[in-house]
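Structure first, commentary second.
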């Protein structure tokens, strides 16, 4: 293949690759609050400057599952600024977009929308931070997709089987099959791969003429028996896998020796954890693809905050530190101060060479005090650097080295694991564990209202969809249903009779599985509705500031006043109270502190708040409990791969294929482990099709 220049690009795809941008991370921090937004703008600037065909993101565009209004607004602002314009898009989509974007209300790529003017489309899968949740299975990326600023692909709604249909792209004579799979809990996806429940669909015609890219967002390094996805699980016809979720930058593609495809790990564009993997220089990649040849150009990010980390083992300096010396703590503190100053000097020299870099660096000194040493007070030490570092509270980290037992882990034969017969499938699921537990549990802890199936589905909602109110709402829903059943039957308020009727009711419900499923769906819908209602009520309460509290003061009248809960009308009701006479305003027995105007413990009457743990007996002596409006957040933590690989080398792939330009939208399922002519290798500089390409490399 002849060498091409930047002006001869009609057959060459230019793709900007990035992942784990984590917009909104520490957005309330006075120093680091804007770091993610600044770096995101830099990434878009590089894409615009290099006139890429499209941007490919590997997940975790947002740090929070429900980003703040500031984060959403800033993201939309950047996308409108850099992605909209009059420049024509030079590639076309050949696949059936109704299949690629089947979960979208606008099932087509955004640049083909006649109402939009997109010149630089973005394709992105979701990560574990911004994954779809709730009854409607929506995420923040769906907001951007609905606005026409991003193409969200790689979604899977089934927990039983996943069919990955590629987006087929063509530019000139180069054809790319873009596969994507959004974040799925690693244990579940591992099980699905083993059970052969994941299938990658391929075009029926000229399947060897496509450059196959796969974007994935999972654990790449092993963190447990099944808490990661081995590279050997991926199909061997893939040419390049873009691996998100791992934050260490290993963007130079590395070849898998068994599957023979290449894997690039761009890493995060912002430091989210003070670990060694995050200290590696941050890069994004400019990928060029022509035919089945590729070349990755690394672009160093200039706006990333400098991060220096160093380890100190006190036991390695016996000439300086003696644990029996009464002044050893002062000596350790002086030694640590010297180390921190050295790192600050290095950070300042690096910043002077790059004016776009933030002024305050991230500094962390990890001190191993094994050997009888005692740590000093970190808080006092940190105060000396409040104005010089971005993380003053985390400068010093003391730890003790623990000798780990050597694990005799034999290498796993993944080929044998994937070729297991169906009779040996791994069928362990959360809902099955719940059912097994309650069926074998002692009588005193067995379920009396819910069936094992219902509880298992509630736990599945809690685990898989992060629906924090799932279990609570299902229990409440079934409690209310049982109470209504008992009231309708006019059962005497005797515990034995009630228990017997509850048992009969439970058995009748267990036999009707369809009605059980409907009740679970109704309870989950109500959980979402109650959570939304709670947000509205909380907002109204903060705006009005005078909502009734429903609490009875302990020092009020000793008279037997029925305490009933009634929601006030906020500010309007408080103003009405001002119109009363002065005697009414000062009638509280406790004086000024308890006036109706200034205290929440006034002499109003309130309904009692039912106990959350209400029993069946409450059906006969209390009102129906009100739904919970509690909300909770879920925080995920990324595990960083600490291996470092900053080597840079151009890569090219070659294959003897026939180029065909016919459009295709049908696919055929192919075995993932079939042996075929790969046609993927490293080429020498003499054969590099981009040898004469004028590329501007950024200074590291």
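The chain as shown is numbered from 1 upward.
Backbone N, Cα and C define each Cβ position, glycine as well.
Just so it is clear, the model here is predicted, and its values are computed rather than measured.
According to Swiss-Prot, 60, 128, 217 bind Mn(2+) 2; the candidate from 152, 245, 247 that the record adds to this site is 245. Contacts of residue 217 (Mn(2+) 2 binding site) defined by a Cβ separation under 8 A and a same-chain sequence distance of 6+ are given as 19, 58, 59, 60, 125, 126, 127, 128, 181, 182, 183, 243, 244, 245, in order along the sequence. In the structure shown, the C-beta of 60 has more C-beta neighbours within 10 angstroms than that of any other entry among the binding-site residues 20, 60. Listed in sequence order, the binding-site residues from 20, 22, 247 having a Cα within 10 Å of the Cα of residue 129 (active site, proton donor) are 20, 22. Under a cutoff of 8 A between CB atoms, and with a sequence separation of 6+ in the same chain, the neighbours of residue 22 (Mn(2+) 1 binding site) are 36, 60, 61, 62, 63, 129, 268, 269, 270, 272. Packing around residue 129 (active site, proton donor) is summarised by its Cβ count: 28 other Cβ atoms lie within 10 angstroms of its Cβ, all protein chains included. For the motif 'GAR' (569-592), the predicted model reports an average pLDDT of 42.
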